[in-house]
Structures are given as C-alpha cells and as structure tokens.
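These features come from Swiss-Prot:
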type	residues	note
DOMAIN	2-92	domain 'ABM'
BINDING	ASN6	Fe cation binding site
SITE	TRP66	site 'Transition state stabilizer'
BINDING	HIS76	heme binding site
Amino acid sequence: MFVVTNRITVKKGYAKQMAPNFTKGGPIESLKGFEGIEVWQIDKDDYSEDMYVNSWWETEEDFKNWVNSDVFKQAHKNTGKSEDSPVIKSEIVKSNVLSSLNRR
C-alpha cells in the first residue's frame with residue numbers, strides 16, 4: 001500500500017469548505033490501484049489550519065500513473081496561485097505502509 005499526503009496550509013476557516021472538493025469522486029475512482037481519499041483537518045494557530053489530503057494507492061506506480069493522467073490534469077486545471085487564494089502553502093509526502101491494523 002502506498003499513501004500520498006498533500007499537506008495544505010490554508011487560511012483559518014477554509015479547510016471544511018475546501019475538503020469536499022477532494023472527495024467528490026469522479027474519474028479517479030476508476031483508476032487502477034486507487035483505494036480512497038480522506039481529508040483531515042489540523043488546527044495550527046489563530047490564522048491558519050492544515051488539511052492533510054491522504055490518498056491510498058495499491059502501488060507507487062499506480063499513483064504515478066494518476067499524476068501523469070489526463071484525469072489528474074483535468075482535476076488540477078484551476079489550481080493556480082492567485083492573490084485571493086486561501087492556500088498558503090502545500091507539501092507532498094509519499095509513504096509506504098509497512099504495518100497496519102484496521103477495523104473499519
């Protein structure tokens with residue numbers, strides 16, 4: 001299992017508003033190796049909060065295929081930085097799951 005976390009710092013109050021954009025489904029659900037997406041909210045300070053957008057993939061190769069796909073390009077076509085954007089910064093963290101215990 002391969003997990004990619006996009007750690008997005010946003011202006012306070014925007015995480016709940018933005019989160020559904022990542023989990024509304026669509027073509028990503030039919031991609032080989034896609035397992036799911038969750039968005040977590042982490043309070044930072046009085047001015048910002050973090051959203052951890054976690055996507056699960058069977059393999060790193062499946063994730064790379066997503067990033068290089070037309071589906072990815074379409075999903076990210078309007079994500080350019082603008083003056084009024086609530087996004088302060090973002091960072092991608094890639095992880096291999098070594099051990100887990102699940103009860104969902």
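Glycine is no exception: its Cβ is also placed from the backbone N, Cα and C atoms.
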Secondary structure tally of the domain 'ABM' (2-92) (DSSP, helix then strand then coil): 26 helix, 36 strand, 29 coil
HIS76 (heme binding site) and TRP66 (site 'Transition state stabilizer'), Cα-Cα, nearest whole angstrom: 12
Nearest-integer angstrom distance between the alpha carbons (Cα) of the residue listed as 'heme binding site' and the residue listed as 'Fe cation binding site': 13
Across the domain 'ABM' (2-92), average pLDDT on the 0 to 100 scale: 92
Protein Cβ atoms within 10 Å of TRP66 (site 'Transition state stabilizer'), excluding its own: 19
